[in-house]
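A short write-up of the structure that comes next.
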């Protein structure tokens, strides 16, 4: 039941509103009535009604006062204004202050009031659905972040609790194939203004999401600055299919945003027991690419990235050069990251 508060300085109007229609049959319950805006506001704070039906011209505090007070705290409650023919200017002002609709006192009859209350009820139900969808989305996002955090910490055991979490976000884990993907945005992208960076960043990631969804590929992901790591899941994944899809994404980024994407991906695997080893391999190969002078965009399987003795010396020089640049810029946090990652990869 949605709660209703009735506000009017005329007793007959309040009684008439209460008895004109069957409120409960429509899904409403009248919790209180008031004769002025001040009293109504106190009752509003006590009962928190979803619908307020109020007159405008009342002694002490009027309907404008009530509307302003409610709207300063709550944008969701529905406010219905009572008016008469010669008070349309008041009704217009009430609508500007945040009232949702108005009804003429002379038209407070069964049919008109029922129609209006059905409309308000539908609006309230739609808002509740939107709110529930938002909560569900936020809940799923939180679960995905938690799961990926466990993956990258190697704090992962496929028990009943974890399976339940995967089921809640509709992420396959029993018969599906898996692949890890790292999407790295080029250096110049990081140096753009923060506001523009965020806009482009959101647009790019939406392209990635859309492409995965179109191919019925489920995903969870982790973002670290300009790097995105995805765990993809789908039935019967093929490397050729993955590579083609990732090339489509990188070409779209170049075509629409002039951004080069460097994308590497793991071999396809079927068991979650192989998840962390594949993740570690992906990160190690990504570190190698960080120090190699690759221009433009590319899509590579990590098996194609070879770290041999012939390029160790050049790689070491490049590593040292980047550390010196970071020291000069006093970028302590990034220095820590690079030194730590280079130790872990050994």
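Quick reminder: no glycine exception, Cβ is built from N, Cα and C everywhere.
The domain 'Response regulatory' annotation in TrEMBL covers 3-120. Sequence annotations record features per position, and here TrEMBL assigns 4-aspartylphosphate to 55.
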Helix, strand and coil residues within the domain 'Response regulatory' (3-120) as assigned by DSSP:
63 helix, 27 strand, 28 coil
List every residue in the same chain as residue 55 (4-aspartylphosphate), at least 6 positions away in sequence, whose Cβ is under 8 Å from its Cβ.
7, 8, 9, 10, 13, 63, 81, 82
Over the domain 'Response regulatory' (3-120), work out the mean pLDDT and round it to an integer.
90
